Structure formats: C-alpha cells, structure tokens
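Participant: Here's the feature list from TrEMBL:
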type	residues	note
DOMAIN	28-486	domain 'Major facilitator superfamily (MFS) profile'
TRANSMEM	21-41	transmembrane segment
TRANSMEM	81-98	transmembrane segment
TRANSMEM	110-132	transmembrane segment
TRANSMEM	138-156	transmembrane segment
TRANSMEM	168-188	transmembrane segment
TRANSMEM	200-219	transmembrane segment
TRANSMEM	309-327	transmembrane segment
TRANSMEM	333-354	transmembrane segment
TRANSMEM	361-382	transmembrane segment
TRANSMEM	394-417	transmembrane segment
TRANSMEM	429-452	transmembrane segment
TRANSMEM	464-482	transmembrane segment
Amino acid sequence: MPGGAIVSMGGVDAARMEAPVTFKTYLMCAFAAFGGIFFGYDSGYIGGVLGMDYFIETFEGLDKATTAAADFVIPSWKKSLIVSILSAGTFFGALLAGDLADWFGRRTTIIAGCGVFLIGVALQTASSAVGLLVAGRLIAGFGVGFVSAVIILYMSEIAPRKVRGAIVSGYQFCITIGLMLATCVDYATEHRADSGSYRIPVALQMLWALILGVGLFFLPESPRYFVRKGKKEEARQALARVRGQPADSEFINLELTEIEANHLYELQATPQEGYFGSWFNCFRGSIWEPNSNLRRTILGTSLQMMQQWTGVNFVFYFGTTFFTQLHTIQNPFLLSIITTIVNVLSTPISFYAIEKVGRRPLLLWGALGMVICQFIVAILGVTDYDDNKAVAAMIAFICIYIFFFASTWGPGAWVVIGEIFPLPIRSRGVALSTASNWLWNCIIAVITPYMVDTDEGNLGPKVFFIWGALCTCAFIYTYFLIPETKGLTLEQVDKMMEETTPRTSAGWKPHSTFAGEMGLSVDKAGLAPAVSHQEV
Ligand code: BGC
C-alpha cells in the first residue's frame, strides 16, 4: 500500500467534491440507459416466437415431435439451443468488451456493439431455418455482450455519486421495457399466417441498435477512461460536459484530482505486467481481504450469478409454457404480458429506494420477499391446483415475486457491480461480472426445459422449491458479503472497502482524500501531480 499521510478532508468535504446534478446530466445518463432495451427485448422475444404456430409449422430444422398430440412440440434440446445461444454469444461478447473498453473507450465499444448486433439481427430476420437463426442469435449476442457490459461501466463512471444508483437502475428499467415490448410485439403478431409472425419481432430490434449507436455519437467519452489513458485535458473536458460545469471550475478540479489520485494509488498497489498480467490483476490478493481484487471479482461475478439464481428468467423465458401447464389458464400469453408489466411498473421504486434505503438493505429485503413468494407458489403447487382459486393465488404470488425482484435485485445487482472495482481493473471486473450474468442466464435457459417439460422432469410449479432455496442462498450471501456503497464516489467506495467489512460498511464516512494521500494538489490550470504515471 502506498505511503503518504492521510489528509483530513477538511475543506474538501464530500459535498464540495461534486457539482450539483443538472438536468442535462440526467438526460445523458438516461439516454445511455436505453441500452437496456436491447438486453430486455433480445432475451424476451424468443419465448413467444417458439410458441407461434406459423413458426413451429414452417421453420425448417425444428424436428417437431411427430405424434399427433405432440405435433406442436419442439424438442427440449432445440428449444434450449435457440434460447440459450444468445447468452452464450453475450458471455463471450461481455468478456471481450472489457478489453475493448480500455483500449478504444467505453463509448466506442458500445457503438461497435450496436454494429455487431445489427449484423446478427439481419441474419435472424433473413432466416427460415434453425442454422441461420442460431448463428444470428450468437452474433447478436456478441453485440448485446458489448453493450450490456460497457453501458454499466460507462453509466457508473459518468453518473454523479448522489444519483448513481438511481441512474444505473434506469438501465434495469429499460431492460424491463425491452422485455415488455418484446412480449407485446409477439402477442400482436403471433396469429399471423405468414413469416411476419416471427420476422416482425426479430427485425424491430434493429431500431434499438440504431437509436443507441447514433445517439452515443453525441455523448462524451467517460472521463475516467481518459484518466486511465493519461489524457488529462480530454478527461477535464469530458468531466465538464457530464457535470454541466465550466472546465476550470473548482468542482471539476476537485473531482478530477481525486479520480487521478485514486488511479495512481491503485496503480501503485496493482503491478502492470502486460496483457495477461493485467488480467491476472483481477484475481490478485487474498479472498479474506475485503478489498482485494480477487475478493471484488468474486463478489461481482457471484452477485450476478445470484441474480440469475433468483429464477426470474424462468418466468420471462418459459412463462408462457409454464402457464399453459396450469391447465385452467385460458390465455397464457396474456399472463406473460402481465408479468412483464408488473416488472416494468415495479422497477422505478428502486430509483428512490436504492439511494434512500441503500444497496444492502434493498438486496436483503428483496431476497426475503422472493423467498416467501416462491415457497408459497411451490406449496400451492403440491396441493390440488386444478382448483381455480389455487391457480389464481399462484399467479398473484408470482406477480408479487416479480415485484420484489424488479424493485431490488434487478437493478441492485447492476448498480453494485458498477461500483466495487477500482479503476485499473474496473472494465474487466464489470465485464467478468456481466459475463457471469450471461453464463448463468445461459445455464438456466439450458436446464429449465429439462426440469419442467412434461416429457422431461415435469416439475410444474414444484420448480419454485428450487428457486425458493436459491433465493434463500441469495439472502445469506447478501448478509455476509454485500457492502453498502450508497452516496460515495467510486473512489470513496474503494477506500470504504479497504477499511470496513460488508457488515460494518454502512457506517463508514469519508475521512480523507486520495489526492491528500498521493500528495496531489489542485490548481486552476490543471493537476499538479507529485507522482506521474511513468513513475508508478
Ligand atoms: C436480469 C435479466 C432479467 C431481467 C428481468 C435483469 O436484471 O439480468 O436476466 O431478464 O433483469 O427484468
């Protein structure tokens, strides 16, 4: 750990460290959040398409079961392949995105992701057989991987600390809108007797990529990326734009000095040893130190794993099939739409709660709420649920479970992974965590049909015992491992993780600055570093 006196924040108190939040700042971040629409729409449309009569009857290579009763059944392994291949592409896309974001910039990588995504969607739209559809979903997945990993990084880096949680939750809100739009479009086209039934939902995604890609040209690059690259003047200009302040204002001087000082501090603690060495940095240190890089990487990746373990995508990917199995349901498609609407309407609660209540309590309460709902659904499922009342109760508790997910774990997991990594490993840490989200998303998409399909595990509502048990793990996990990051700058989060344990983190107050520790002074013309990048 680098030496240097810890300087009391004194005049450099937390409030002065950052400019007031302007409307323009909100607009910039809200626009970036639009990337969530990709994520949600792309993962959401496929479930409906797999249930469309025209698709099942005419699409080549589905190997439908041939017995009369099962005419409309696609074998489980093909369903798994078509659904999960997107997450496989996204997994690799997200991993690569971390490097690209450090080499070419956060904004450029997102724009590149939009381009890759457009190619994948064009292939899917043109497809009339499984081979091309799967290839198109793999390529589109790559693009979604770029976008989903780097948007979190970009938003966390440009958002002001006071509203960072709320703003990153905006990304989750867009994911939910994407999912809902996909379900509604599927619903609108499902009865068409031509290829428009599936081609319209597929092709519409191009619009999201075009809007995001073109819009991002007008947004600034992340100032923290420029600091990483040692480009101080560009960092100053970018920060001035995202904060809506003059480039030489005191706010900009202070914030920039602190970002730079933190970066120098972390670089001293993290040896830079070429490409593989720098990847290795993500796994450096001991698992027992709360602030080691290894611990943070495990935290980010396991948090996203837990988010998938909540079983939420069981409802969104396989909801239509599941509701069909609850015999008394007349219109399973409509129920899927209702769950996606509950998801959208509940997410904005997190905008307020994540800043007011904090990340840790939100994740704890969310896990508890989900556990209760899931066990109720599972217990109702082992009763005689041909009874209409039992089915209605199950549906109600599934909706309450989605409410808990959407207002807590949905946004919370994304907010926390954007905050816990220090700048030298941030892009890779966020990329690894996002890749973990997709990996588990993929694993769950692959195994779910085997658990619930009538000709396979046929678990029906009993599958909620599994999700309930996994959410119990999420509760215990949060209690022991998730730190409170609310209201701190990313640099202060770094310090807090060094000085506290997850359970004591909420009481931590900023008491020193990295600029003080590193001996950096602030002057109007720019930074006067006592330590240069070369010396580190
Ligand atoms: C999850 C997705 C999920 C979505 C539902 C996201 O945070 O990562 O897997 O489909 O929330 O809203």
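For all residues, glycine too, the Cβ spot is worked out from N, Cα and C.
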Participant: Does the structure show the transmembrane segment (138-156) and the transmembrane segment (21-41) touching, where I'm treating 3 or more Cβ pairs under 8 angstroms (sequence separation 6 or more) as a contact?
Facilitator: yes
Participant: What else in the chain is close to the transmembrane segment (309-327), if you only count residues 6 or more beyond its ends and a Cβ gap under 8 Å?
Facilitator: 43-44, 46-48, 51, 83, 179, 333, 335-336, 339-340, 343, 367, 370, 374, 385-386, 391, 394-395, 398, 401-402, 405, 409-410, 440-441, 444-445, 448-449, 452-454, 460-461, 463-464, 466-467, 470-471, 473-474
Participant: Across the domain 'Major facilitator superfamily (MFS) profile' (28-486), what is the average pLDDT of the model, as a whole number?
Facilitator: 89
